[in-house]
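Participant: Here's the feature list from Swiss-Prot:
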- 42-75: repeat 'TNFR-Cys 1' (REPEAT)
- Asn110: N-linked glycosylation site (CARBOHYD)
- Asn173: N-linked glycosylation site (CARBOHYD)
- 224-283: topological domain 'Cytoplasmic' (TOPO_DOM)
- Ser240: phosphoserine (MOD_RES)
Amino acid sequence: MEPPGDWGPPPWRSTPKTDVLRLVLYLTFLGAPCYAPALPSCKEDEYPVGSECCPKCSPGYRVKEACGELTGTVCEPCPPGTYIAHLNGLSKCLQCQMCDPAMGLRASRNCSRTENAVCGCSPGHFCIVQDGDHCAACRAYATSSPGQRVQKGGTESQDTLCQNCPPGTFSPNGTLEECQHQTKCSWLVTKAGAGTSSSHWVWWFLSGSLVIVIVCSTVGLIICVKRRKPRGDVVKVIVSVQRKRQEAEGEATVIEALQAPPDVTTVAVEETIPSFTGRSPNH
């Protein structure tokens with residue numbers, strides 16, 4: 001009895017399938033080393049262009065046209081707002097750094113064709129993000145609160161350092177470098193409220209009537225002085241006018257007396273000779 005034809009061994013194929021050949025070829029090419037065309041070895045002041053070396057442009061210039069067999073590199077200056085700091089073979093210049101005032105920045109060194117701008121902090125700000133010699137972001141100085149003193153002022157790299165006032169001292173606005181001592185109460189006054197590190201002692205008189213009496217007395221004195229002052233001034237003026245008038249009249253009298261001619265009256269003098277004739281000395 002012969003076995004059925006389906007039970008026999010599979011027939012042998014001497015030719016491999018097409019898929020197997022493709023796989024072998026793929027693995028062969030995948031493992032093969034890849035060779036790229038070698039770039040020319042150029043000097044430090046040259047840059048490669050294809051298989052040739054061209055001279056680099058100076059700082060502040062870019063390549064406008066690469067060199068040829070008979071021509072050198074054509075360079076042109078960088079436009080405003082751009083720069084190149086080194087010898088280069090670049091076709092475009094680099095954009096200058098912008099210092100944004102909204103970030104508290106200002107240009108500590110302006111941009112030129114050969115140097116990039118360097119940003120620093122605006123006055124009243126300190127740097128919070130440092131990038132080499134360039135500051136990328138700044139922040140405003142902290143403000144000391146009332147009751148604090150400025151222990152150390154802010155710098156371009158450090159914020160303001162604040163410190164609380166010790167007991168018995170105060171700082172009204174936080175801008176003082178040293179806190180002030182609070183006033184001590186005397187026996188005439190009493191403390192209306194406890195002094196804090198941010199406010200001074202508040203003092204009031206013991207009796208409100210004393211304040212009223214002083215104020216009323218002062219106001220009354222001022223009113224009396226103002227009322228009497230004009231009357232006294234009038235009296236002074238009258239007395240002064242009368243005195244001047246009297247002085248003027250006296251001076252006029254003296255002048256008239258000096259200018260008047262002298263009043264001379266001639267009196268005849270009769271000479272009498274005593275007669276002793278006929279009289280004896282006994283009479």
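Placement of Cβ uses the backbone N, Cα and C atoms for every residue, glycine included.
Buried or exposed, and what's around them? Tell me for each listed feature.
Facilitator: In the predicted model, the repeat 'TNFR-Cys 1' (42-75) has a mean pLDDT of 93.
Counting only residues at least six positions away in the same chain, the Cβ atoms of Ala117 sit under 8 Å from the Cβ of Asn110 (N-linked glycosylation site). Under DSSP, Asn110 (N-linked glycosylation site) is assigned to coil, being neither helix nor strand in the three-state scheme.
Within its own chain, Asn173 (N-linked glycosylation site) has Pro146 as residues 6 or more apart in sequence whose C-beta sits under 8 angstroms from its own.
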